[in-house]
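Below is one structure, written out as structure tokens; comments come after it.
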Amino acid sequence: MSTLVVLGTQWGDEGKGKVIHYLAKQADYIVRYQGGNNAGHTLIHENKPFILHLIPSGILFPDKYCLITNGVVVDPKALKEEIAILDKNNISVEKRFFISEQAHIILPYHKLIDGILEEENVKIGTTRRGIGPAYADKVKRIGIRVVDYLEKDVFEDLLEKNLIEKTPILKNSGVDIANLKEEILKDREELSIFLEPFVTDTSIMIANAIKKNKKILFESAQGTMLDLDFGTYPFVTSSNPIAGGVCSGAGVGPTKIDSVLGVVKAYTTRVGEGPFTVELFDEMGKFLREKGAEYGATTGRPRRCGWFDAVVVRHSVRLSGIKHLILTKLDCVEDIDKIKICVAYKYKDKLYKEFPASRTVQKYAEPVYEEMPGFKGKVKGIIDFEKLPLNAQKYVKRLEQLVDAPIDLISLGRKREETIEVRKGVNWF
């Protein structure tokens, strides 16, 4: 085994950053295959907190190659700022960080349009960082790729065409098109020089690494329930975080993916708008938010909190062929008298054990709960599964049964060492 996909099984914020940081030591390459700087990974490295938005978490290890592939949309300014922060912490990216020449560029007008559309249309809860509009341009075949951005004449021609196409919506919101164009051209002079050393054909890099049996970790952003096709549409992201997204988002054939690992929180959270069947509006919801420090790494927005939703996680396990699960934040459900698990949805006397596509059912369905006794005492610091409180062990085993996948690791904090190997000696690669 040499390739492993790590993805979120809920609405993002499952703790993928810590998990990827934990596994990255065993990998040679860490590859980000979709999304943009709308996602934030928070992790602790050598007792320092880091929040990464674009660069794969493996960059904190000096001997790892980190790739941003064609399925990602790249904001050059945001990337430069992120690298500057790493430089300040004496973490060099030179000769080990690469960007696909076919990745699409986020430009200032994408961010402006993102904000305009969020105000005018149904609120999706975007981060207003231009992700959706950049992907929209890609689909409309007017997008500007990294390779285009580096070629001055090509870029200027494409920019002109894009500004003509976007003039009505921008002018209507009071944007000075001439000033915007001048700003973009001026920024490009500096940013193209900054980008150029990192640009390559990442698909070929990955293919060559696979031939050499290198260990490759594919890192998703967001989570399955934000997937453009299989999430709570239209309250989704603009790309495919599921395992299938690796094939188109990194240029990797499906037969080259050896295993898929899902990251799942011991309860459920969601940021922004959209249906959320298990959402808690009471003191328990507040308890989970504060206990789990549930505030967005990118936006700082408070996350909506609820009980574990087995319908959602089982949906994710099936869609991505997940072979292993890592359970995070088990410590955040300690000291609760009774823990609930959503095992189905109910709408108009019909029971749904699989996740429904209907917007109406998603919005109005009631959760069907199974109740278990909670567990008391601090679980942080425990490194053996058998030493967890008996009710904590029962909770973990019940989750495995309900979602049809084994939980092989349990995370009890942000540090790498705050991890329990449930099944010893699992060969991740």
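Every residue, even glycine, has its Cβ placed from backbone N, Cα and C.
Residues or ranges marked as GTP binding site in Swiss-Prot (evidence: sequence analysis): 12-18, 40-42, Arg303, 329-331, 411-413.
Look at Swiss-Prot and you will find Asp13, Gly40 tagged as Mg(2+) binding site, backed by sequence analysis.
Residues or ranges marked as IMP binding site by Swiss-Prot: Asp13, Glu14, Gly15, Lys16, Asn38, Ala39, Gly40, His41, Thr127, Arg141, Gln222, Thr237, Arg301. Neighbour density for Asn38 (IMP binding site): within 10 A of its CB lie 29 other CB atoms from the protein chains shown. Classification of Asn38 (IMP binding site) by DSSP places it in coil, neither helical nor stranded.
Asp13 (Mg(2+) binding site) falls outside any helix or strand according to DSSP and counts as coil. Taken from Swiss-Prot, the feature active site, proton acceptor applies to Asp13.
Sequence annotations record features per position, and here Swiss-Prot assigns active site, proton donor to His41 based on sequence analysis.
Taken from Swiss-Prot, the feature substrate binding site applies to Ala297, Thr298, Thr299, Gly300, Arg301, Pro302, Arg303. Residues within less than 8 Å, Cβ to Cβ, of Gly300 (substrate binding site) and separated from it by at least 6 positions along the same chain comprise none. Annotation note: Gly300 (substrate binding site) sits in a coil segment as assigned by DSSP.
Of all the recorded positions listed here (Lys18, His41, Arg301, Arg303), it is Arg301 whose C-beta has the fewest other C-beta atoms within 10 angstroms. Site extent for IMP: the farthest pair of Cα atoms among Asp13, Glu14, Gly15, Lys16, Asn38, Ala39, Gly40, His41, Thr127, Arg141, Gln222, Thr237, Arg301 sits 34 Å apart. Ranked by CA distance from Asn38 (IMP binding site), the binding-site residues Gly12, Lys18, Pro302, Arg303, Leu330 have Gly12 at the top as the closest. Taking only the Cα positions, the spacing between Thr42 (GTP binding site) and Thr127 (IMP binding site) is 17 angstrom. Note: Leu412 (GTP binding site) has non-local neighbours Leu330, Asp331, Val379, Lys380, Gly381, Ile382, Glu418, Thr419, Ile420, i.e. same-chain residues 6+ apart with C-beta under 8 A of its own C-beta.
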